[in-house]
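Student: Take a look at the following structure, please.
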Amino acid sequence: MTKNKNLEFIQNAIKKNKVVLFMKGTKEMPACGFSGTVVAILNKLGVEFSDINVLFDTALREDLKKFSDWPTFPQLYINGVLVGGCDIAKELYQNGELEKMLKDVVV
């Protein structure tokens, strides 16, 4: 994908999906432990989410890092807002905040 196409793809994915996880691998088969952790958390909370595998598209990965100003993956978006990566998602899950954030999300 070209840069403009990547930006359009990213914006559409975030806009169309209440919960989207840009990750390495898929929710069925995460390709890194960090992505797997966030998938497990979302599954424990019973949240339906869209997963986008960034592993095989270097340009998309780099453009997403610039778009989000976040250097690592996974990247969790809820209602169009970047929540963060694995450590933040885990912390929010452990203190109950992630469940509150997701409570009003209708997927």
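Counting begins at 1 with the first residue displayed.
Cβ atoms here come from the backbone N, Cα and C positions, even for glycine.
According to Swiss-Prot, the protein has these features:
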- 7-107: domain 'Glutaredoxin' (DOMAIN)
- LYS24, ARG61, PHE73, CYS86, ASP87: glutathione binding site (BINDING)
- CYS32: [2Fe-2S] cluster binding site (BINDING)
Student: Just to verify: the residue among LYS24, ARG61 with the fewest other Cβ atoms within 10 Å, which of the binding-site residues is it?
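Tutor: Comparing Cβ neighbours within 10 Å for the binding-site residues LYS24, ARG61, ARG61 has the fewest.
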Student: Give the residue counts of the domain 'Glutaredoxin' (7-107) per reduced DSSP state, in the order helix, strand, coil.
Tutor: 49 helix, 19 strand, 33 coil
Student: Give me the CA-CA distance between PHE73 (glutathione binding site) and CYS32 ([2Fe-2S] cluster binding site), in Å, as a whole number.
Tutor: 9
Student: These are the binding-site residues: CYS32, CYS86. Which one scores highest on other Cβ atoms within 10 Å?
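Tutor: Top count of Cβ atoms within 10 Å goes to CYS86.
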